[in-house]
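These notes concern the structure reproduced below.
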Amino acid sequence: MERVTAKDLLEKDEPIVMVAAYDAPTAEILDDVADVVLVGDSIGDVRLGYEDTLPVTVEQSLSHTAAVVRGSESAMVVGDMPFASFGVSVEETAENAARYLKEAGAGAVKLETPVDGGVSVETVRRLTELGVPVMGHVGLTPQQVRREGYRVLGRDDDEADAVVRRARELEDAGVFSVVLEAVTEEVGASVTEAVDVPTIGIGAGREVDGQVLVIDDLIGMSENPPSFVKEYADVRGEIRDAVEEYADDVRSGGFPADEHVFGGGGDG
Ligand code: KIV
Ligand code: NA
């Protein structure tokens, strides 16, 4: 089966569905439902127990990106480049970005592209010139958390304008899509209006070309999901209930039962 390409996303006339996920079996479940699976650096705080995304390494990110590629056939897989794996120099950025395509088999990379730093437009341009499909990411950029904290962007006009300007520059540098995180609905609409490439929002309102949520948040696995999340299941509760029942069974002798036991006789 052919995978979703940047061109497919551009030509899509219904909203783009993106999910951030980190492993092969989850990718297999999502594959023909989501258009894009993002292997987010959110794995740091969502799955690896870190305070934020900053400790995530390229090796960890590549390993999980490769797992998601193995678990999927049709979705576009986007590898999310971790903090300081890009932007230090154009050479290092290009070498790291190429590994996502060459080693992990990803279809694209995503780089956080805050208005005032992280990565230059020239760097993004160099990647797109090389043929690395790049997804931008503006608004709240969690890799800046130790400088800025987490907050909604674009509540004042100057900041709103800066986000729109940045998205335009990125489009000019060749990104095929832009993620908009935690911005007002007005900023989401302005950016979507200002650029031709699809915008994919997370906490960015309704006036965008697609939505992305972290799988753990949408299935009710996260303990304190952000307010923009809708939880579609209570997997955390399901896991807890299952393990409690198992523990009760083990302690009471209810498990294993006859059907879980290997017999020594001819029919087992
Ligand atoms: O790391 C991540 O999961 C992300 C999305 C939430 C956009 O960057
Ligand atoms: Na991310």
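Every residue, even glycine, has its Cβ placed from backbone N, Cα and C.
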>> According to TrEMBL, Asp41, Asp80 bind Mg(2+); which one of Glu2, Glu112, Glu122, Glu129 is annotated to that same site?
In response: Glu112
> Could you tell me the C-alpha distance between Glu112 (Mg(2+) binding site) and Asp80 (3-methyl-2-oxobutanoate binding site) in angstrom, no decimals?
Replying inline: 8
> Using the residues the record lists for 3-methyl-2-oxobutanoate (Asp41, Ser42, Asp80, Lys110), what whole-number Å value is the largest Cα to Cα distance?
Replying inline: 12
>> Taking only same-chain residues 6+ apart in sequence, whose CB is under 8 Å from that of Asp41 (3-methyl-2-oxobutanoate binding site), what do you get?
In response: Thr53, Val56, Ser61, Asp80, Met81, Pro82, Phe83, Pro142, Gln143
> So around the Mg(2+) site, Asp41, Asp80, Glu112 aside, which residues have their CB within 8 A of the centroid of those CB atoms?
Replying inline: Gly40, Ser42, Thr53, Val56, Met81, Pro82, Phe83, Lys110, Leu111, His137, Pro142, Gln143
